Each structure stands twice: as C-alpha cells, then as structure tokens.
Amino acid sequence: MAPAADREGYWGPTTSTLDWCEENYSVTWYIAEFWNTVSNLIMIIPPMFGAIQSVRDGLEKRYIASYLALTVVGMGSWCFHMTLKYEMQLLDELPMIYSCCIFVYCMFECFKIKNSVNYHLLFTLVLFSLIVTTVMYGMLVFTLVLRSIYIVTWVYPWLRGLGYTSLGIFLLGFLFWNIDNIFCDSLRNFRKKVPPIIGITTQFHAWWHILTGLGSYLHILFSLYTRTLYLRYRPKVKFIFGIWPVILFEPLRKH
C-alpha cells in the first residue's frame, strides 16, 4: 500500500486504514485519488441503466437488486477514493459483501419457477452478510465462482463464452490489484520518470475497478440471460455503439 498522503487536499488528512498506490491529490485538490475515483464510473452508470431497463421489462426484483447493488458498490468506492476517509472506506467495503450475496442468490435460483422465493437461502445470505469477516468474504466469492462455473457447464456452448469472459476479466482485475499492491514503490518511481499519459496506464488499482466492474456487469448479464432462457423468453444480446453489451428480450408468444 502507499504511504500517508503525499499532500493534503480538500478532504484533509487521510483517516482510512488503506491508502492505495496512486499519488494523492496529484490531479486535483478536490479528489484524493483521481484515477481510482473516476474509474468507478463503469460500476455506476451502466448498472443504473440496467436497473431502469429491468424495471421497464418487468424482470424479477433480484436482477434489479443486482444492478443497483453494483451501482452502490461503485458509488461507495468513488466516495472512498475521493476522500480517503474511514467512514467512506466502510461505504466501499460493505456493499461488496451485500452485492456478492445478491449475485449468489441469483445464480442459485436460475432454474426455479418464476417469481419464486428461496427463504432459506435468503436467511443464510443475510446472516452471512452480518458476519462480515475477511475469511467469510473470501468464501462467498469462492461460492459465487463455483456456482458460476456450474451454470456455465449447463448453458449452450455459444453462451458459455459470456460466463467465462466475466470470470476471466474479474481474475485479470485481481491480478492488477496485486501488482498495484506488491510493486507500489516501483510503480511510483516509474511514474516520476515518464510522461503523465504513460504513468496513467500504470494505475493498476484503477484498472482493477474497470475490469471487476466490467466482469461483474457481464456476470449479471450472464445470470439474467440464463434465467430468461430457462423461463422460455427470447433474450438477445445487443451492443450499444457496437461496444457495450445489453440484453433485450420478449416473452415467448403463446399459441
């Protein structure tokens, strides 16, 4: 991790238990870690539109909750990296626990009747959320990954790519997260010697946000696609501007 703040900015001294590798207040006096902050937009804007579209399409509330949970994660991370305050750190970390629980619930309920509620699983995940520890958080992510792999083996071959892509992107982001932590001093020295435009590309914690945000978004799409396929809807993947994937579908016509 990075040492104490390089300089003091609008939000005052750092009170969070973590201070990442990005140089603090180097871009603007109002944002402690600029690139670590703005990179959270990928976890805020697309999921918000996904939630709105889910409401319009009358989807099950669990998928609306998934999109909104990812948005809250992005907002919490934005506030944390912008201020480096302890209370904002909690706003960053706790939503990650809750969003993972929602993702797990959606994956386990992919092959159930429409609008069914698994109260036993809900109770277990809520209890799990309340017992917030590093070990249990790791177990939750591990459970999510295992369930995702199981679902991937069930769906059609052309759909498996979406599931594998979401997992692969998430793992690549995790690799960048570790590079940022382990080689922080080297990265900081490198940035002092190169033009800023090159130094930006070495903000690996920002890349962690981008990749895990994209991976989480694709995971929601994969879960939603699998669910609507099981319910005999006709989902279609459409790319906005030829880049950003969304799911459109219509109920199967009754004969």
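We count from 1, first residue shown onward.
Any Cβ shown, glycine's included, is placed from N, Cα and C.
TrEMBL: automatically predicted annotations, no manual curation.
TrEMBL lists D19, W20, E22, N24, E33 with the feature Ca(2+) binding site.
Residues or ranges marked as transmembrane segment by TrEMBL: 34-52 (among others).
Here TrEMBL flags 64-84 (among others) as transmembrane segment.
Note on H209 (Zn(2+) binding site): other Cβ atoms within 10 Å of its Cβ, all shown chains, come to 27. The Zn(2+) binding site annotation in TrEMBL covers H81, H205, H209.
Residues or ranges marked as transmembrane segment in TrEMBL: 96-113 (among others).
Residues annotated as transmembrane segment in TrEMBL: 125-150 (among others).
The transmembrane segment annotation in TrEMBL covers 162-183 (among others).
As annotated by TrEMBL, transmembrane segment applies to 204-225 (among others). Within the chain, the transmembrane segment (204-225) has long-range Cβ neighbours (under 8 A, six or more residues past its boundaries) at 20-22, 33, 35-36, 38-40, 42-43, 46-47, 50, 54, 59, 63, 66-67, 70, 73-74, 77, 99, 103, 106-107, 110, 148, 151, 159, 162-163, 165-170, 172-174, 176-177, 179-180, 187, 235, 237, 245-247.
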What does the structure give for the C-alpha distance between H205 (Zn(2+) binding site) and W20 (Ca(2+) binding site)? Integer Å is fine. 8
Same-chain shell around Zn(2+) excluding H81, H205, H209, C-beta within 8 angstroms of the CB centroid, reads W20, E22, E33, W35, N36, T37, S39, N40, S77, Q203, A206, W208
Which of these binding-site residues has the least crowded Cβ, counting other Cβ atoms within 10 Å: D19, E22, E33? D19
Row N24 (Ca(2+) binding site), column other C-beta within 10 angstroms, all chains, value 24
